[in-house]
Amino acid sequence: MLKTSCLNIPFANPLVLASGILGVTAASMHKIIRDGAGGVTVKSISKAPRTGHPNPTMMGNDTYFLNAVGLSNPGIENGIAELIQFKKICPAPLIGSIFAGTADEFAELAELIAVAPIDILELDLSCPNVGREFGEPFAYSASAIGRITRETKAKVKVPISIKLSPNAWNIAELAKMAEAAGADAITAVNTVSGMAIDVRARRPILHNKQGGVSGPALFPIALKCVYDIYEAVKIPIIGTGGVMTGEDALKMIMAGATLVGVGSAVYYRGADVFGKIVAEMTEIMKQENIGSLDEIRGVAHGIM
Amino acid sequence: MHIPQMLSIKKITDENPFVKTFWFNYNLNSQPGQFVMLWIPGIDQKPFSIAYDDSAEFGLTIFAVGSLSKKLFELRVGDRVGISGPYGTAFSIQNDTHYITVAGGYGAGPLGLLTERLAATTNSTVDFCVGARSADLLLFKDRMAKLPHTTVQVATNDGSAGHTGFITDILSGLIQKSHGKKIILATCGPELMEKKVLDCANKNNVDCEVSIERFMKCGFGVCGQCCVDPLGLRMCMEGPVVNRATANSISEFGNYHRDKSGAKIYY
Ligand SMILES: Cc1cc2nc3c(=O)[nH]c(=O)nc-3n(C[C@H](O)[C@H](O)[C@H](O)COP(=O)(O)OP(=O)(O)OC[C@H]3O[C@@H](n4cnc5c(N)ncnc54)[C@H](O)[C@@H]3O)c2cc1C
Ligand SMILES: Cc1cc2nc3c(=O)[nH]c(=O)nc-3n(C[C@H](O)[C@H](O)[C@H](O)COP(=O)(O)O)c2cc1C
């Protein structure tokens, strides 16, 4: 009932692990598949290893999760080894994820990671937490999105998904730009910029001061982004942001998502949240006589 | 609590010339083997095992090794740090058992707390085994010597106290001596020492609980930094304390761990 095809890749269900939550190692991604996800996204990889920001890099409360990890990762060489290892032990779809400081470097890194057995390559243009190092996220600029997409597409055959930021007021326009430049899919959204302050410490809690908000508070924002993007483009959308329950996942699909990214829900409901969401979706679909997700994809559009 | 709570340091005690315990007036409600995240604003935040917890106050026993711990050693009574937790799994507390706890370094903290709880709430007996380079560095010898049903076993590399050599040298002997009783080996310390303890438990077919430390960013199961091969278990959630079967299933144990970036570092 939940079987989904995205870019001709079969997914047992539409839930994919979002980049940066668990997913550093092959073993951890394999565990997420055993816990019920249809596919996984690796934590974003850069050319050289990075240790990220000092702690605290994340915190959570009932309504939101906030992080500024600073894109720590073991670098492309170690990263590829984990991706190869994952496919050795698990046949489920694997989404690679990379980030870089320039369009040239994105293309170069894409070429390197394309030797790994990834099914889709996500370009993280939208991390809000490394501003001091990389400047404004590329995901705020139509010209940067166009250039990075074109240069990367020219170098690799694997389908690419452009990951966009909900901080951009014109996210649907930007998605359209990515599509025109050759993107095969859109991942929407990354975290929205935010901050937390500790009154007794009299300072921001995150070492990086500002961070990215995810979890329940992000859901209505992400849902609207996916809805708007669906009206603007024909390519599939990986709808991500604040999905906690089967009900949320179905809302994302009704807004137009093909796949549904799940990250912070691991914090709220445990690592086995994927299986829980699958069970909840199945239950609601039975109650509502929904036979397949194709039946309801984008159904919330075109209503008077 | 997954958000640091600012607590004042109530007292600082010297355990040996290089190790201090930092005390806080707070009911942490922790189990032996669990840890907290300790934040010094502007510096960093790292995991520390709970070495004392009597519900009125708790203590963290800390070695000054690097950026965060050295900064902590500069703080004074009344200064505040952020504490979150307690996190992770704990050592089991069982009756009718002979525990052999094997500590190295700050591992004496959580095992000291375990031994106190066993003495206070069970009829079990304990061999509290602790090793160090020399007699002046041994941790919690006196704290443990006061407890009922507890025997302190000591080893030093230079022979200045107890057995000369490694603490793991005396384990088989202690197991033989307790023949017929239910035995649990519990260990926390340098990984290669822990590996020897696990090997000894396997050889003698007795239960074993091992505290496995990995680099931790969040401490509550999200960052994935402390996942171990090949099962992807998170050492902040499914660990740090794991049983013998789980420890045996962790192929990287005693072999390699991952650094802050996620790259493998071999022992
Ligand atoms: C579950 C868990 C429980 C822990 N419990 C305790 C505890 O009770 N008491 C305690 O003191 N620490 C404990 N640690 C270690 C602690 O979290 C820090 O790693 C340690 O204090 C070093 O941090 P730092 O910033 O001071 O040093 P860093 O700047 O990270 O390191 C400086 C140098 O010291 C080396 N180093 C790092 N850690 C150690 C070490 N433990 N021993 C020797 N050299 C080291 C590093 O390789 C580096 O070269 C625990 C770790 C985990 C994962
Ligand atoms: C701790 C953490 C780390 C993240 N790291 C990355 C990353 O490396 N690359 C990336 O594209 N997105 C990263 N994200 C964003 C997520 O992939 C996702 O887009 C966002 O969290 C919204 O989804 P959620 O509410 O389900 O978590 C991270 C999010 C969190 C919470």
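Any Cβ shown, glycine's included, is placed from N, Cα and C.
Remember, TrEMBL labels are computer predictions, not curated facts.
Residues annotated as domain 'Dihydroorotate dehydrogenase catalytic' in TrEMBL: A:1-285.
Long-range Cβ contacts of A:Ser19 (FMN binding site) within its own chain (separation 6+, distance under 8 Å): A:Thr41, A:Val42, A:Lys43, A:Ser44, A:Ile95, A:Ser97, A:Glu122, A:Asp124, A:Lys163, A:Gly263. A coil conformation is recorded for A:Ser19 (FMN binding site) in the three-state DSSP classification, outside any helix or strand. What TrEMBL lists as FMN binding site is A:Ser19, A:Lys43, A:Ser44, A:Lys163, A:Val189, A:Gly215, A:Gly241, A:Gly242, A:Gly263, A:Ser264.
The substrate binding site annotation in TrEMBL covers A:Lys43, A:Asn67, A:Ala68, A:Val69, A:Gly70, A:Leu71, A:Asn190, A:Thr191. A:Gly70 (substrate binding site) falls outside any helix or strand according to DSSP and counts as coil. A:Gly70 (substrate binding site) is surrounded by 21 other CB atoms, counting those within 10 A of its CB over all protein chains shown.
Around A:Cys127 (active site, nucleophile), the same-chain residues at least 6 positions away in sequence with a Cβ under 8 Å from its Cβ are A:Ser44, A:Leu71, A:Phe99, A:Pro137, A:Asn190, A:Gly212. Taken residue by residue with DSSP, A:Cys127 (active site, nucleophile) is part of neither helix nor strand, so it is coil. Residues annotated as active site, nucleophile in TrEMBL: A:Cys127.
Proximity to chain B (Cβ-Cβ distance under 8 Å) holds for the following recorded positions out of A:Lys43, A:Gly70, A:Cys127, A:Thr191, A:Gly241: A:Lys43. When averaged over the domain 'Dihydroorotate dehydrogenase catalytic' (A:1-285), pLDDT in the model lands at 96. When every Cα pair among A:Ser19, A:Lys43, A:Ser44, A:Lys163, A:Val189, A:Gly215, A:Gly241, A:Gly242, A:Gly263, A:Ser264 is compared, the largest distance found for this FMN site is 19 Å. The 10 Å shell around the Cβ of A:Leu71 (substrate binding site) contains 21 further Cβ atoms across the protein chains shown.
Taking a Cβ distance under 6 Å to any atom of ligand 2 as the criterion, the binding-site residues A:Lys43, A:Ala68, A:Gly70, A:Thr191, A:Gly263 reduce to A:Lys43, A:Thr191, A:Gly263. Neighbour density for A:Ala68 (substrate binding site): within 10 A of its CB lie 28 other CB atoms from the protein chains shown.
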